[in-house]
Amino acid sequence: MVAYRLLALISLGLGSHCASALQYGYNQLSTHKDSAVVAGAFPAINGTHLQSPAFTSPGTVPRGFSDGTSGPTRDETMEGFMRRLARSNSWMAYHEADFKSEEGRKFPYMYLSASNSSVENPSSHKLRVWLQGGVHGNEPAGDQSMLALLGDLAANQKWAAKLLEKMDILVLPRYNPDGVFYFQRYLATNFDPNRDHVKLARQQTRDIKELFTRFSPHIATDMHEFTAGRTFGPKKDIIYAADALFSAAKNLNIDEGIRQLSEKLFAKRMGKDIEAAGLRWDPYITQGESSSSKLLLLEAGTDAKIGRNAMGLSQCVVFLCETRGIGIADQHFERRTLSGLVMAKSILQTAVDNFDEVYNTIERGIRRFTNSRNDIVLTDKSPIMERTFGMLNITDASLFDYPIDFATTTPAEAVLTRSRPRAYLIPPSWPDIVKRLEVFGVKADKLPYSYVGPVEALNVTSVTFDKEYYEGVVTTTVQTKLVERNIRLPAGSYLVKTNQKNAALAFVALEVRTKDLLPVLIMDVY
């Protein structure tokens, strides 16, 4: 079997981002708060004392939060809160990233460690944990739960010390400060920050990805909110009952041991912890299209352009954590923030309580993946099963289990696989591809000599274009035929070996049959 693959690409010149019905800034959704009947199913939880600015300093909350035109915590309020915590706690270090948002806003983050470690020089034999919120700017419980976690750690010094015996933690509470300013989902340029993890179209995505890559976490979480009022059923009179939806990374190119650790240890514990807090949960889902009258819900998918899977492809445990909040402004905000806090704390506590199992499983998984000769997975499918999903009737607030068809990705089933190449060859005319790979943490060796020899290549036999722009490109579906040929490439070409930790990110970026790829034309040899 020939082990090298040639990447010779032709640009399609697809033009710039086009997004319908969006303006520059303030792309805000309409607000539809819960009725009094529905709100009764989401009461305040007794004994809740959240240690974040929206709750400890309610006078700082902008008026617009009550009508869904603003979040609860301005940048300067958040930064002041973080700085005060860092001044009062030697194990908390306040940092500002050496890059800015698209509109020039800062990225403050906290580094928590009981030693003198840093992002570039982390503690040895400890877990590295990355926690982020505020990816979508109109999901305020995401970043607020991260601030509440910082406040909770400062208020519970013994618990913090117990955690930091076993881990270093980086908290980036606000991934998308421009989106938070405009209270909109998107970046300032109207790209979705959670759909840019393979294309890396925006510099902001690349900058944050490089920080993530330098830290190289064992565990990561991504805090979001989901739409509260979406209705289902023949009468459109039922909604999700859950306070929290969550999902591990699902891409099949993540080491199986790491995926099983996520599902069998972390996910099970998280569900129990949510229930113990008096809250409700279900797996993260989206609605699918079905030819039957039965509701089809799709479990979180495997797509690498989503942050959860992109982070997981660096061979780490990752969870998307969503709380019920989009579209209801400030309603139930304490309960929403608590839901996010409970999930984040559950992940940290599970890791510490099972430190040896977690650390050793992830480290073994990294080594196993790096040295693997198993096939790589390019496409997959989600088997459909029957199950129930927690719903709430909006007419009387009754809670019940609703029968659905469920497209599961725990696990997904591989459809198209390919033998794992020893390396990829990239001509010197494509340095931008190499720069993208380097952002992923993938090393590319520049060859001082010309390459002459056999390669395995893909001949593109058909290309079907989608009918509209998506995130700045026209997406395509391609068919290919595997060919072997001899090639000659000049000195200065790049060799990307696949026996490295982050090679799965090269697979999803370079293999022509995966999603969200590089441009090709029919009859290209790739």
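A Cβ is built for glycine as well, from the same backbone N, Cα and C atoms used for every other residue.
Quick look at what Swiss-Prot lists:
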type	residues	note
SIGNAL	1-21	signal peptide
CARBOHYD	N46	N-linked glycosylation site
REGION	53-76	region 'Disordered'
CARBOHYD	N116	N-linked glycosylation site
ACT_SITE	E322	active site, proton donor/acceptor
CARBOHYD	N393	N-linked glycosylation site
CARBOHYD	N459	N-linked glycosylation site
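Annotated features, which come from Swiss-Prot, shown on the structure.
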residue : record                             : DSSP (3 states)
N46     : N-linked glycosylation site        : coil
N116    : N-linked glycosylation site        : coil
E322    : active site, proton donor/acceptor : strand
N393    : N-linked glycosylation site        : strand
N459    : N-linked glycosylation site        : strand
Determine the most Cβ-crowded residue among the glycosylation sites N46, N116, N393, using a 10 Å radius around each Cβ and all protein chains in the structure.
N393
Report the DSSP secondary-structure composition of the region 'Disordered' (53-76) as helix, strand and coil residue counts.
14 helix, 0 strand, 10 coil
Nearest recorded site to N116 (N-linked glycosylation site) by CA-CA distance, among recorded positions N46, E322, N393:
E322
Chain-internal residues near E322 (active site, proton donor/acceptor), provided their CB is under 8 angstroms and they sit 6+ positions away:
M223, H224, E225, F226, A244, L245, F246, Y284
Whole-number Å distance between the CA of N459 (N-linked glycosylation site) and the CA of N393 (N-linked glycosylation site)?
53
